[in-house]
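J.: This structure is in structure tokens; I'll ask about it shortly.
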Amino acid sequence: LQTMSGNEHDWLALKPQEPSPSQCCGSGCKPCIYDVYEKELAQWERAKAKQDKSLLMEKKEQSNNSELKPDTFTAFNISSVEQLTEDTYQYKFELPGNSSLRLSLGQHIVLRGMVNGLEVQRAYTPISPGNAEGYFEVLVKCYEAGLMSQYIKTWKKGDMVFWRGPFGGFPYQPNKHGELLMLASGTGLAPMLPILQSITDDEEDETFVTLIGCFRTFDKIYLKPLLQDLVRYWNIRIFYVLSQETSLEKLPQSYQENTYTGHLDEDLMKRIINSCRRKPFVLICGSSTFNEDMSRYLKAAGIEENSCFVF
């Protein structure tokens, strides 16, 4: 049996590690973590063939100049942590000076976490306006057994966190659609907010919006003050569907007429679509089950697939 030479051993130690499935956020990022791995592996193979380690030096794993990039992770500082419900938090990150992430609407960024020596990556959509200066904010729901949640729960003000991006997004254009029907479940509200804010900030944009927020209970509705503020605009309507509330009597008066109990089912979907002021273009964001259910109900209500966008 031939023993490995010290040199071989060194090269093996430098070989990039293949990502595990948990590291891929599954959002179709370009470049995906697997693309980055392929690139680094090819670089390692070239360097090994030439026996020249300096060829690996151009590998920039992470950057500290606080500019977001798709293929390298950049460190950002947490400037505040706010608990919104028992399992949902809003985190604010600093950007140098008055710089902005310059995200297109509904774009997401990918977070890297280390849990028990395992690297995990997940996608989140900032809820702050894309042109917010000096900061960005992310809404995160923590799950009891979630690997990334275990890491996020340790965050406190002043911690450094690594992000890359941006990816995806909805190519929104003012006045292109007569009405947007937004179907959001829980933190699926996140990609809707920058689009809503860009519509209300633009006096020339006369797009109607109907937002349906699906939550378990009234207490679980995130960012109520912001949503109440948006409803004051002539072209914005918001309805809530609360799956675990049995009666609307305990809710504040201002919520009673635009809240439904139970689930957003095919019947309710048809009623909402019939109440839209124009033929809606539909945006959907929630769990994969929610997204599949909504797509099915929309189809039953006669909305074609080319009139829907799933985040």
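Backbone N, Cα and C atoms are what each Cβ position is placed from, and that goes for glycine too.
Curation plays no part in TrEMBL annotations; they are all automatic predictions.
If you look up TrEMBL, you'll see 71-173 marked as domain 'FAD-binding FR-type'. According to TrEMBL, the feature FAD binding site maps to Arg122, Tyr124, Leu139, Lys141, Met148, Ser149.
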J.: Around the FAD site formed by Arg122, Tyr124, Leu139, Lys141, Met148, Ser149, which additional residues qualify by having Cβ within 8 Å of the site's Cβ center?
T.: Leu111, Val138, Val140, Cys142, Gly146, Ile152, Thr187
J.: Can you name the residues of this chain that are 6 or more positions from Tyr124 (FAD binding site) yet have a C-beta less than 8 Å from its C-beta?
T.: His108, Ile109, Val110, Leu111, Val138, Leu139, Val140, Ala190
J.: For Met148 (FAD binding site), what is the tally of other C-beta atoms lying within 10 angstroms of its C-beta?
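T.: Here the count is 20.
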J.: Can you tell which of Arg122, Lys141 has the least company, meaning the fewest other C-beta atoms within 10 angstroms of its C-beta, among these binding-site residues?
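T.: Comparing Cβ neighbour counts within 10 Å for the binding-site residues Arg122, Lys141 gives Lys141.
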J.: What is the one among the binding-site residues Leu139, Ser149 whose Cβ has the most other Cβ atoms less than or equal to 10 Å away?
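T.: Per the Cβ count within 10 Å, the most buried is Leu139.
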